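Feature annotation from TrEMBL assigns domain 'Glutaminyl-tRNA synthetase class Ib non-specific RNA-binding' to 3-160, 164-190, 197-231. Under the heading domain 'Glutamyl/glutaminyl-tRNA synthetase class Ib catalytic', TrEMBL lists 241-540. Annotation source TrEMBL lists domain 'Glutamyl/glutaminyl-tRNA synthetase class Ib anti-codon binding' at 543-642. TrEMBL lists 655-730 with the feature domain 'tRNA synthetases class I (E and Q) anti-codon binding'.
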Amino acid sequence: MAEILTLFTSIGLSEQKAKETLKNEALSSALKEGIIQAQRVNGANGVDKAMGTLLYSMASRLKDNKRLVFLSDCIAQRKICTELQLAAALDFVKSHPEDPISQKEFDEACGVGVVITPEQIEDAVESVIKKHKEQLLTERYRFNMGLLMGEARSALKWAEGKVIKNEVDVQVLHLLGPKTEADLEKKPKVRELFHISLMEQLRGEALKFHKAGENYKTEGYVVTPKTMDLLRKHIEFTGGQIRTRFPPEPNGILHIGHAKAINFNFGYAKANNGICYLRYDDTNPEKEEEKYFTAIKDMVEWLGYTPYDVTHASDNFQKLYDLAVDLIRRGHAYVCHQKGEELKGHNVPPSPWRDRPIEESLVLFERMKKGMFAEGEATLRMKMVMEDGKMDPVAYRIKYTPHHRTGDEWCIYPTYDYTHCLCDSIENITHSLCTKEFQARRSSYYWLCNALDLYCPVQWEYGRLNLTYTVVSKRKIIKLVETGVVRDWDDPRLFTLTALRRRGFPPEAINNFCARVGVTVSQTTTEPHLLESCVRDVLNDTAPRAMAVLEPLKVTITNLPKDTKMDVRVPDFPANESKGAHTVPFTCTVFIEQSDFREVMEKGYKRLTPEQPVGLRHAGYVISVQKVIKDSQGKVVELEVTCCSSETAEKPKAFIHWVSQPLVCEVRLYERLFLHKHPEDPSEVPGGFLSDINPNSLQVISSALVDTSVKGAKVLDKFQFERVGYFSLDPDSSADKLVFNRTVTLKEDPGKI
């Protein structure tokens with residue numbers, strides 16, 4: 001150990017760094033071999049610090065030690081002299097895992113023997129500064145100097161970054177002179193007004209994903225002797241096009257978390273001129289229904305995406321079966337008779353049938369296919385250990401349930417662990433995007449493709465999107481429906497996509513929400529108000545205004561003739577009247593909100609009182625109370641008022657909305673379905689999520705009054721009811737009575753009076 005420590009410090013490592021390196025067995029072994037090889041080449045000249053730094057970097061980054069001696073020789077012979085050349089060398093050997101290395105190709109790819117003179121660097125920097133001279137003189141030291149560095153390095157690929165930076169600094173100083181006090185002042189922070197769009201987040205190299213065909217450059221990707229040939233054939237077939245897929249199980253309705261997956265998969269393909277499949281993972285016939293297939297496709301299209309093709313895992317049932325037979329023949333799978341309960345958990349004992357003869361497993365698998373075993377009597381298992389320690393996952397199980405597409409043709413069905421990666425391979429997917437919990441299955445994904453010598457896509461994981469105050473699991477939503485807490489999957493209090501659509505959430509708002517949350521690797525939990533904010537942003541620009549009174553108070557204007565009737569013009573969008581208008585009737589009887597009148601004046605109250613007049617929005621009138629009429633219980637039921645033109649009257653402190661000759665409509669007001677942020681968390685809700693239901697999550701107002709401009713509305717048309725909120729027309733509406741769902745409240749301070 002002391003000898004190796006001395007060896008490591010001899011190349012310039014500090015004693016502490018050398019000791020840390022010794023703790024990593026793989027790294028210290030590779031570094032030791034690299035140093036000894038370099039010493040063998042250099043003889044008495046030994047290994048200097050610069051060489052040692054490159055050897056350490058190589059040992060820590062090289063995944064396959066087959067090329068270690070070759071690269072150590074290149075460093076010792078000073079063919080590889082910089083980190084830039086080393087990075088190119090590592091990429092080269094990674095892309096030629098088995099091929100004999102052509103020294104000529106290697107030298108060209110890594111800049112071996114290329115000499116960049118100081119004059120070349122000076123000329124390149126001078127050319128770049130000349131190009132940006134005007135902007136440099138204007139912005140001075142606030143200019144992005146990284147741009148100059150980047151352009152100069154592009155012109156001189158193998159020049160050292162430090163040398164280029166020094167030259168940039170010298171030439172900028174010569175042009176601008178020393179920094180002044182103004183240059184040294186901190187630049188004021190500008191508040192970010194716009195969020196980065198989803199397409200910008202997904203475009204090009206923003207995510208640091210691999211390019212099509214460069215799967216082998218990805219961390220953790222397994223390279224086999226067949227890999228490069230398979231990748232070449234893949235590129236020939238796809239033309240280097242990005243290919244993704246959205247693979248839902250058709251056994252439930254999509255929810256807000258799926259919106260992120262849809263945006264990520266379809267969005268990544270769209271942003272990079274690729275294609276995305278909608279693939280139904282229909283391998284569990286017991287739970288799949290046609291309504292789910294239809295609803296999933298509807299939601300994808302509602303969010304604005306068109307699948308390149310709609311496929312099914314069941315399209316490949318015969319091919320998947322043939323591959324399973326091949327897997328058995330290769331000695332990688334066997335038929336097992338352990339029961340389902342024996343296979344649960346992580347400490348499952350090895351199967352006593354793991355080493356049964358290949359021919360025997362082939363015969364038994366054929367018998368499984370022919371229906372000669374009962375359900376649970378036999379499974380096909382793969383000989384591999386998953387990242388979470390689970391051993392020999394099941395590839396096929398027996399189910400005597402007709403399939404919605406293949407009927408009774410099959411009685412054995414493949415599992416997710418077996419099907420998913422093979423369908424990705426069959427469809428030549430380049431980027432298999434999935435949520436973080438599938439990271440434990442990445443090794444099995446790569447193993448299976450490689451065990452069958454098939455093209456292997458790259459699996460990339462991203463963080464799930466979770467919302468507080470809700471549940472999204474299929475089982476729990478079914479429980480909510482069965483117990484009558486909600487009406488169905490599209491109840492507007494849920495966060496399924498069908499429920500959000502029914503509530504009136506625009507698809508653009510959901511996509512904007514996904515963009516704001518961002519494409520992160522870490523799991524995201526956010527509160528509903530961020531989503532609601534995105535909804536308001538869209539509806540503010542798209543939902544025409546109307547007036548509605550939810551708790552009406554009758555107001556009779558006594559100084560207008562009883563037969564008064566006039567049309568009042570109301571702009572659809574008051575902030576931009578060029579976008580259109582509608583008319584509503586105005587008579588001597590109008591209705592206002594009960595909350596817009598107080599019999600006793602209170603400090604800070606700005607609306608109607610016996611002593612304080614108020615304006616009527618859009619009507620051009622100011623009304624003043626003359627008489628308050630009450631019922632036998634003392635409740636105010638009517639006001640008699642007089643009116644005068646708002647042009648001649650003193651400007652009132654407030655203007656309120658009103659309706660006259662209105663439509664009687666039903667209005668449904670929604671609040672959060674659950675009382676606690678995390679209704680599924682036993683520490684927060686010991687009684688379980690069903691005990692956490694908010695009793696006030698739905699309020700139905702059966703006789704709300706809405707102005708006649710909404711009369712011709714179609715289902716899901718959206719409006720802003722002025723001063724009340726955003727509303728959408730519900731499918732329960734009929735010719736006799738319209739039903740409106742409150743989508744979100746207005747962005748107002750709830751404490752405002």
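Placed from the backbone N, Cα and C atoms, the Cβ positions cover glycine too.
Remote same-chain residues near the domain 'Glutaminyl-tRNA synthetase class Ib non-specific RNA-binding' (164-190) are listed as 121-122, 124-126, 129, 133, 136-137, 140-142, 145, 148-149, 152-153, 156 (criterion: CB distance under 8 Å, separation of at least six residues from the stretch ends). Highlighted: of the candidate stretches 3-160, 197-231, 655-730, 197-231 has the greatest count of Cβ pairs under 8 Å to the domain 'Glutamyl/glutaminyl-tRNA synthetase class Ib catalytic' (241-540).
This prediction places the mean pLDDT of the domain 'Glutaminyl-tRNA synthetase class Ib non-specific RNA-binding' (197-231) at 84. DSSP assignment over the domain 'Glutaminyl-tRNA synthetase class Ib non-specific RNA-binding' (197-231) gives 13 helix, 0 strand, 22 coil.
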